[in-house]
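A.B. asks: Pulled these from TrEMBL:
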- HIS64: active site (ACT_SITE)
- GLU118: active site (ACT_SITE)
- HIS122: active site (ACT_SITE)
- 1-26: signal peptide (SIGNAL)
Amino acid sequence: MKMQSNHDSLFIMLATLCSVLVLSSSQDFDFFYLVQEWPGSHCDTEQGCCYPTTGKPASDFGIHGLWPNYNDGSYPSNCDSSNPFDASKISDLISRMQLEWPTLSCPSKDGLKFWGHEWKKHGTCAESVLDQHAYFETTLKLKNKINLLQALEGAGIQPNGQTYSLESITSAIQMASGYTPRIQCNNGTLGNSQLHEISLCVDSMASDFIECPVLPNGRSCGSSVEFPSF
């Protein structure tokens, strides 16, 4: 009986250890940031921008990335060098990505280097949830769940070079999405503070939006910001 009891105890310990290992491997991070940027603000800087080889992007918010993060504000990065970006794995998504996830870096590029960077730095840290194809496809789907430009224009906030209160911008996105966004600004060529990026948080399974456990760091905005045209 004692021998059997020892065997049972050992089995329970091993089962518990396996459960902990599986749980830890599936909880590599706590949530995602879906980050989108306004191209007009990206281009209206001292560094400027270059349109991709496919031409000028649409006058709309473009994806910057889907970034795994921890609840304490830190984040993992460059998690798996053995799984490099492979454009052939997302060949069916390329045309959509050129429209909704355009590169604006110089010199003009086709987007592959930008997407490869996002996969290497951020996507590889979400492999427990999303493989390479799923990472990009899911990001595209999340972007289309909430139309940021439509939300702003519906509140009378137009990309026309005018200045709007940060409160009104935040409120418009909150009304449309149900969640508090992080608004980040950059400085235009004249030193003006302008709307640059909007981040919303996504659950750790990348299935839907959530209230942000912590808002991302970045260049803060003043009480009023410009929304430049593009």
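Any Cβ shown, glycine's included, is placed from N, Cα and C.
Worth saying up front: this structure is predicted, and the values here are computed from it rather than measured.
In terms of burial and nearby residues, how do these features look in this structure?
C.D. replies: Neighbour list (HIS64 (active site), Cβ cut-off 8 Å, at least 6 residues apart, same chain): VAL35, GLN36, GLU37, GLU197.
Here the Cβ of GLU118 (active site) has 22 other Cβ atoms within 10 Å, regardless of which shown protein chain they belong to.
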A.B. asks: Once the chains shown are all counted, how many other Cβ atoms turn up within 10 Å of the Cβ of HIS122 (active site)?
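C.D. replies: Within a 10 Å radius of the Cβ of HIS122 (active site) lie 25 other Cβ atoms.
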